[in-house]
Amino acid sequence: MKLKSFGVFGNPIKHSKSPLIHNACFLTFQKELGFLGHYHPILLPLESHIKSEFLHLGLSGANVTLPFKERAFQICDKIKGIALECGAVNTLVVENDELVGYNTDALGFWLSLGGEGYQSALILGSGGSAKALACELQKQGLKVSVLNRSARGLDFFQRLGCDCFMDPPKSTFDLIINATSASLNNELPLNKEVLKGYFKEGKLAYDLAYGFLTPFLSLAKELETPFQDGKDMLIYQAALSFEKFSASQIPYPKAFEVMRSVF
């Protein structure tokens, strides 16, 4: 049986559960796919050229995580779907000898929310994940605000129609989303007292990090604010990516079931 290689680019990457859940799917669906896929973590030096690495490794597809999603958008031969709007790519697939970029973070995040009636969201951070979330939440009719410590990247959100801030707005929000990398450094993304104010009035504190109780989620728990980590988003975006890797042979709900069973 033919072997195909896949992977996930990131820095850091050792924490990633993507290899675990994707390899479970490649093993489960190898008969339907007609090939055996192997998916591995790829630690990419910060100055690396993603496309060169992708081609050098002979990959058929890959995911892209922190801090490369915006850079991945720049190197694709073609961009499809909501990735065109959000300027960030987390899924790379070879289609007809072209490197095609998708974004499955956006829909993956929305599916992970479970269709609750949220009306407003505050996104902390302005990177590739924040862009994808802002695009999807706007599309779903929510009022989206973005808070970032610097002006870097905020022009994108302004063009999108989000309210943008460098100082914490004195407002209330249904969703407070940590899309920064602060949790990976075991830090809060924002002043503790300011966060407390948002959590007390909010309906859900959501951290894109997963696998441990982050300082952000710990504070929400302390205040008895409903909270959620990024595990379900990870699995949904991975299942949506797997659908792309399988050339739509394996619909994402089937992939999701397998991935959920191992993580």
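Numbers here mean position along the shown chain, with the first residue as 1.
In case you wondered, yes, glycine gets a Cβ from its N, Cα and C as well.
Some features that Swiss-Prot has for this protein:
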type     : residues                                               : note
ACT_SITE : Lys69                                                  : active site, proton acceptor
BINDING  : Ser16, Lys17, Ser18, Thr65, Asn90, Asp105, Tyr210      : shikimate binding site
BINDING  : Gly125, Ser126, Gly127, Gly128, Ser129, Leu208, Gly230 : NADP(+) binding site
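Separation of the C-alpha atoms of Gly128 (NADP(+) binding site) and Lys69 (active site, proton acceptor): 5 Å, rounded to the nearest whole number. For the NADP(+) site listed in the record, the two most distant Cα atoms among Gly125, Ser126, Gly127, Gly128, Ser129, Leu208, Gly230 lie 17 Å apart.
Apart from Ser16, Lys17, Ser18, Thr65, Asn90, Asp105, Tyr210, the residues listed for shikimate, the same chain places the Cβ atoms of Val8, Gly10, Asn63, Gly230, Leu234, Gln237, Ala238 within 8 Å of the centroid of those Cβ atoms. Between the CA atoms of Asn90 (shikimate binding site) and Lys69 (active site, proton acceptor) there is a gap of 6 Å, rounded to the nearest whole number. Measuring Cα to Cα from Asp105 (shikimate binding site), the binding-site residues that fall within 10 Å are Ser129, out of Gly125, Ser126, Gly127, Ser129. Cα of Ser129 (NADP(+) binding site) to Cα of Tyr210 (shikimate binding site): a span of 14 Å.
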